[in-house]
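The structure appears right after this line, and notes come after that.
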Amino acid sequence: MATPRGQTVWFGNEFPNDDLKDLFRRLHQHSKDRRFRLLSVFLEESTAILKEEVANLPQQLQELVPHFDTACTLPEVDFRQGPLGAAMESALLTILELGMLIGHYEAEDIEWDLDPSRTILAGLSIGILAGAAVALSSSLADVAKVGAESVRVSFRLGVYVADISTKLEAPQSDGTLQSWAHVVTGMSHEAVQEELSQYNAVTQNPEITKVFVSAADKTSVSVTGPPSRIKAAFQHSPSLRYSKSLPLPVYDGLCHAAHLYSQDDIEIVINSAKSVIPTSRPVRLPLISSQTGKPFAAKTAGELFLEIGTELLTGTIFLDTVTAGILEHVKLQEPTGNYEIVSFRMSQVLNGILTAIETDFPELGRARRDMVSWVHGDYGARRPSSYAASKLAIVGMACRLPGGANDPELFWELLEQGRDTLTTVPPDRFDLNTHYDPTGKTENATQTPFGNFIDRPGYFDAGFFNMSPREAEQTDPMHRLALVTAYEAMEMAGMVPGRTPSTRPNRIGTFYGQASDDWRELNASQNISTYAVPGGERAFANGRINYFFKFSGPSYNIDTACSSGLAAVQAACSALWAGEADTVIAGGLNVITDPDNYAGLGNGHFLSKTGQCKVWDKDADGYCRADGIGSVVIKRLEDAEADNDNILAVILGARTNHSAEAVSITHPHAGAQKANYRQVLHQAGVNPLDVSYVELHGTGTQAGDAVESESVSDVFAPSTPRRRPDQRLYLGAVKSNIGHGEAAAGITSLLKALLVFQKNMIPKHIGIKTEINPIIPKDLERRHVGLAMENTPWPRPAGKKRLAVVNSFGAHGGNTTVLLEDAPERVKVSTQDDRTTHPVVISAKSKKSLQANIEKLLSWLDQNPDANLGDLSYTLCARRMHHSMRFGAAASGIAALQKTLRSWLDNPKASAELRAIPNDTPSVVLTFTGQGAYYSGMGRELLAEFSYFRTEVFQLDQIAQRLGFPSVVPVIDGSIDDGPASPVLTQLSVTVLEIALARFWSHLGIRISAVIGHSLGEYAAFAVAGVISATEALYLVGRRAQLTEERCTQGSHSMLSVRASEDDIEELIAGSPDTAELAYEVCCRNTPQDTVIGGTQESIDSIRQALEKNTIKCTQLDVPFAFHTAQMDPILDSLETLATPITFKAPSIPVLSPLLGSVVFDRKSIHAQYLRRATRETVDFVAAIEAAQDFGLVDAKTIWIDVGPHPICASLVRGIDSSASVISSCRRNEDNLATMSKSLVTLHLAGLTPCWAEYFRPREQEYSLLKLPTYSWNETDYWIPYIGTWTLDKALLKYGEKKAPLSLSMSRPSALRTSLVHQITTETVEATTATLHVLSDMQHPDFLEALHGHRMNNCGVATSSIWSDMAFTVGEYLYRRLVPQAKDVHMNLSDLEVLHAQVALEKKGSVQPLVLKAHLNLSTSSMSLAWFNASAETGECAAESFATCVVRFEDPAAWTREWDRLSHLVLGRIEALEQRAVEGKASKLSKPLAYTLFKNVVDYADRYRGMDQVVLYEHEAVAEVTLVAERHGTWHTPPHWIDSVSHLAGLVMNGSNASNTRDYFYVTPGCSSFRLLNPLKAGGKYRSYVRMFPLPEEANMYAGDVYILEGEQIVGMVGHIRFRRVPRLLMDRFFSPAAASHTEKQLQETAPSATNVKKSTPPPAEAPISVPVAPGNPVAIPLPTASKSQVATPPLTPPSQEDSPGESAVITPATSDRGDSTDAGVVGQCLKVMARETGLEVDALTPDASFVQLGIDSLMSLVLSEKFRAELGIEIKSSLFLECPTIGEMTAWLEEYC
């Protein structure tokens, strides 16, 4: 910009005509950029000063000022209203003018150019205060500092003037504004003054209320005074009344009133400036007084502000004098050149001044500089001035949402198709049959059956996340899926912790919203175990993510009810803006299992009873619950761009507030919502009319829809200013599709908004099922706002960004809003990719996952055949976390890669032979090749591609040149021909290359364990190991080469590589007369069968001929001299002399010495004489490597990297050890990058993960992060079902009242009483249902006798026949209550499961109560039963049953038909068995012998011994049975009769030689059915037949059918009776005499432990009816049980499949038997305990498996150490699991010390 001859800077007293809000928004936005640092400082200081001044106001005035984070947001409200209007207007004008001035200089990047010799400042009224700040400044930084104080004075002046003025005339009562000044035109100043003087004299108004002239010029006069006085004055004076006059926008009082203000007033206003601005600060630029037209006389800041204050309060403005002053300044400037006017837009006053200049100086050039126009400019990518100024980028997302939306793409498909995921509560959550009552009469039952649920909530890859199955099962599914989606979101983001500064683990935090604890409170609480706290407490959801990924940033779990998910995102954003983290993972979690929450929300009238959320529908009646898990990865925009991330959208602002003024805590509040929107808009500096999409909270409630529609329309589509037709605002509400995810609702809405940005489409709204709700504002269409009722394109305008808002409100009153904009448009750098070969790596933590990952990638490639291989390589290598199971390849094209992938998948051995990388990374040895590998261009591609390598080479080359040697770069980059080169150039270029390569390998993250150099290569090895410096190495190599050239003759000697050992060569040469006298020397022992010899050319030629005649391969080396021979003798002394001054240091990396044949660690072994000897003596490569092997420095896993132009040393290593892993750095006739790719893949597969980020860094901005398929999880279902109806049962205990103590006196008569059924406690009979609760005492004589009739381990143990009789008894009783006319009742006792053995107490006189609960439903002809232990002291019933079954009432004719079809088969097997007995092939047992065999496990009382004779063959048997004649009590079917006809199965399992009865015993957990065609007869004769077989799907389990025959007819059957094999050593544990406290203990240990037993589901409580959910889609909803005055126990459901840890007596242990091999020794027993307690298979406990990988953490370590002590008698500390981190180390310790 040319410097003007003179200039005036004009500070007006009016705002520009631009959109004032827009100007301040733009100022605010620019201030966040580092380019505008001083603008940012000025605005921050001005904001701070205004806040300080407001805080000093009286309370009633403070309340008039809205909250503001920056002064730039104050224009968003009508700041001119109220008593502070003048103060705000004055301050904002000062801020705007000074902010625009500062911003102009920073935007244009120009120096401060206001020269006092040619610049004058001028202005009017408040504008003079802005001018004062410039007048006192010598730099732009001064303007920022002093300007803030000018803002203070402006504000104080406005406050003071308004305060004084209201004392002169009160404001209007209706709040309307009245002007305190009018401008009159067409009259002179004198004429106006005369009229006013006359008026003031006639009316005799007090002096201070008079009307006066405040400003005048040639054409106009400003008349000022109290509004009523002005009105009266104009009415009094005909001249004024008929003059041309207009009111001015002066609404807050009087200035320029000498009659009103005194020096004291001026001091009060100006005094504040003195405290900050030194009064001695000099005035640097002249500032014209608007009263005198001359510069203020002040010399210092204090004087200047006082003079300005005096003028503003008491002086009259004379525009003509101001113009004259400016003209005088113009006149003083040089007559040639331009005169510049600097202003803030144009005004009428300024136009007049310009006209005057043009008139008086027509020959003068004129220039204008506008200080406002810059604010509309685009200054490139914003560089935030602070963390708080950053925009935030969302770079990854993942989800598990209803309707199978298990990833974002599936979620989008659901939205695009307009699907509704409504369904009923799945059975795995809770049983609607028992927990649903639409009438609301059943306490704690849900009144709605609807919801939206995710698929397979229990499925989880526990091994991936280092969790044991036991821990996984106890861990809340929400927490598990938080882990999973966090990983998937990171995967989408290409986030590798530690890859970049923004992803350092200590700078990564997690923020998740969670509002319920269903799993902890319901499912996991049924068996509170080791992992109850870490598995269920909310904080662990985040803590587990941080711990697993090793993030040490902040970890917050947030509960703000329904807005928790989005509030977590907002908190995460706040952490980024505060600098507490650099990357955050945020989300929301909700998995529904607890019917209590359904009941609570229903009773609170939150939930719809009719189905899905009907957002904006007139019939909206509440929300529908939904599961949901969502995670996003967020970082600052500048970090995301630097990290080459894919940016899904950008967060401009996020805020949360509370509806404190709502009518109730749960009622929304439009005012609070609007305030929150405005705060977000202010934070971002965004015009609400620029927002084109709002994702509503939209729950579908009458209140919620009404309030949100009002708040959104008022802020984003107000009536005025109204949106244009092309500015339509679209609305959406995802809850219409997938319900209300509660804590996950906000994150779900955010995910939808991100997809809308990605897909450029707004999916259709499906929430209006009937018609739009009439409560919605009627004029929305006129405001150009509405729901997208069809899939609506949402294109991104060219060169612009779309804006969207996401809302989420909490039921507790919280409101969270996030403002989003488009990601920056990315222009991909398009350059030629010189990398012809790319590494491709894929990994997983299991073979199954790896194979699936490869299959997914192959499928993706098939669908994307044009994918860029470089992008794919970059994504898979640099932007993926790598795991232990690995696949890798170096590919030259997509087609070649596809072929490789298919080949791997088609090769079954590939997966079978795959092994995880070792926990300990292999050692790495660098081998440095000698000069024989030299060729031109040996590092060409590396030099061109990698700046790090290039820098290393250039620096080393510079050193070489400074040492006086030629440049080696032309050799390395191939710019010279590949012809003969001097020894100096050859040897230096090889050395430079090798040192640079070694450092490059380190740069790629490869840690070097040792180095070895071959001949010349030793110098590079020494430099890399730190023995000598790189400079010293180059100096020695160069000088040695020069000495060789000077003192040795090229071609006189040569070197020969011979494929034979040294001894073989000597024998052949010595044995031939032609060669015996020839002299040669051994130069190198490269391998046992590879030797290099040297000597004179003649001798070597002859020796070669002799050797080749003996078919020995020989190769003449292309070297000019014979190193390591006598030819080197002339240089040795000089070489040693050159090396003597060098200080040789101890190596930082061990050196393998081919000269010494040892490993060098010290500083004394390598010295000048070493170099002399190494030049002359043999290179014994073999000895060096063998020494390293002996020392343990290298082993079979060691990776050998050949560092040289060609892998010569690599072939030598292979010659010594054929199994060695060797890789190359460079290879002759192969592109360096192809070689490097292959080598890096080899290292990666060996477990030495390269620093892929560095490998791709040179071209990172050219590559794109691809959106590849997600990780393939190796999932198992970890789900603890909710068992029973205890959430309903607890309603029986009102307000903490205890149940009455259990009465066991049996004094009250009972309608039903037998030997086992003692007292009815509850009985409810309806038309088609009946419920019965029975109390019995197992210590009752009849019951106790039945127990002792079946003794195990000297204990009376309840046999299944006891539960069968009780079931038949209750079943017939209840059936006859409902069907009194029934003649015979035929019952099928089905699905009997006994989970805990009932052992008789030993103590006589004790009480051992149990409760039987039964519910019969005639509509299903079934009755569900469950047995519970009860407390003898309190009567409290255990939470979980110990046995369950279902009795089905069936037609016996069907049984007969079934059995008739089978009878010939059964009879045929009986006949075959009896024939085998005749033939002596089967055992025929008498009664005594049979029951003697039975004593192996069970000792039966005589009445139970009904089998007279048994024929037994392996697992098949038939028995003759005679029942005892006595019933011995009151029964339906005596247990001893049932046992007699059925316990043949037990004899087969526990007495057959086909069973291992020495080590095991067999017990039954139940059967699938038990039917009797007719009642058993006293003394009756029967036959029993059974054949048992192992169950293939369940280890250690056997099953069979027991047929009961009377004659030739089948009259009964026990179907699918099961027996489990249990180690005999556990007999004492499971069947020990019970203590008196046994029942109380069982009440606490009620978890089932019959592992892997599939539980059957009881029949529904009532017949279903059809309830419409959506058109054409009826859903069966069961009716609830009717409520009675006496609350009946709800129907029973079967118990959980979960295993108990084994503390309580059980029928089947939670262990897996692997045969005798694992029983032997302490180690085997310990492994069994580990397997049982963790839920792992013993096979998984391999020696190399680490406890971390197995999920054995500190808690499990404590458990295992206690189990070892209690069960095995082994005392070990839990810390042993840290000291011995793998199974192998642990077993070694156990073998050594136990």
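Cβ atoms here come from the backbone N, Cα and C positions, even for glycine.
As annotated by Swiss-Prot, domain 'Ketosynthase family 3 (KS3)' applies to 389-822, with the evidence given as sequence analysis.
Summarising the annotation, Swiss-Prot assigns region 'Disordered' to 428-448 (among others).
According to Swiss-Prot, the compositional bias 'Basic and acidic residues' annotation covers 428-440. In the compositional bias 'Basic and acidic residues' (428-440), the DSSP tally of helix, strand and coil residues is 4 helix, 1 strand, 8 coil.
Following the DSSP three-state reduction, the secondary structure of C562 (active site, for beta-ketoacyl synthase activity) is strand. There are 30 other CB atoms within 10 A of the CB of C562 (active site, for beta-ketoacyl synthase activity), with all protein chains counted. Marked as active site, for beta-ketoacyl synthase activity by Swiss-Prot on the basis of sequence analysis: C562 (among others).
DSSP assigns H697 (active site, for beta-ketoacyl synthase activity) to coil in the three-state reduction, outside any helix or strand. Feature annotation from Swiss-Prot assigns active site, for beta-ketoacyl synthase activity to H697 (among others).
All chains included, 31 other C-beta atoms sit within 10 angstroms of the C-beta of H740 (active site, for beta-ketoacyl synthase activity). Annotation source Swiss-Prot lists active site, for beta-ketoacyl synthase activity at H740 (among others), citing sequence analysis.
The region 'Malonyl-CoA:ACP transacylase (MAT) domain' annotation in Swiss-Prot covers 927-1230, and the record cites sequence analysis as its basis.
In the predicted model, residues of the region 'N-terminal hotdog fold' (1318-1454) average a pLDDT of 92. As annotated by Swiss-Prot, region 'N-terminal hotdog fold' applies to 1318-1454, with the evidence given as sequence analysis.
For H1350, the entry in Swiss-Prot reads active site, proton acceptor. Sequence-distant contacts (6 or more apart, same chain, Cβ under 8 Å) of H1350 (active site, proton acceptor) comprise G1356, V1357, A1358, T1359, V1498, Y1500, A1501, Y1504, D1539.
The active site, proton donor annotation in Swiss-Prot covers D1539. Annotation note: D1539 (active site, proton donor) sits in a helical segment as assigned by DSSP.
Taken from Swiss-Prot, the feature region 'Disordered' applies to 1637-1719 (among others).
Residues in the domain 'Carrier' (1717-1794) partition by DSSP class (helix H, G, I; strand E, B; coil) as 53 helix, 2 strand, 23 coil. Taken from Swiss-Prot, the feature domain 'Carrier' covers 1717-1794, and the record attributes it to sequence analysis.
The O-(pantetheine 4'-phosphoryl)serine feature in Swiss-Prot is assigned to S1754. Counting only same-chain residues at least 6 apart in sequence, those with a Cβ under 8 Å from the Cβ of S1754 (O-(pantetheine 4'-phosphoryl)serine) are S1774.
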**OP:** Determine the Cβ neighbour count for H697 (active site, for beta-ketoacyl synthase activity): the number of other Cβ atoms within 10 Å of its Cβ.
**Re:** 31
Subject >> Other CB atoms, at most 10 A from the CB of D1539 (active site, proton donor) >> reply: 27
**OP:** Write down the Cα-Cα distance for C562 (active site, for beta-ketoacyl synthase activity) and H740 (active site, for beta-ketoacyl synthase activity), rounded and given in Å.
**Re:** 8
Subject >> Rounded distance in angstrom between the Cα atoms of C562 (active site, for beta-ketoacyl synthase activity) and H697 (active site, for beta-ketoacyl synthase activity) >> reply: 9
**OP:** Tally the residues of the region 'N-terminal hotdog fold' (1318-1454) by DSSP class, grouping H, G and I as helix, E and B as strand, and everything else as coil.
**Re:** 30 helix, 58 strand, 49 coil
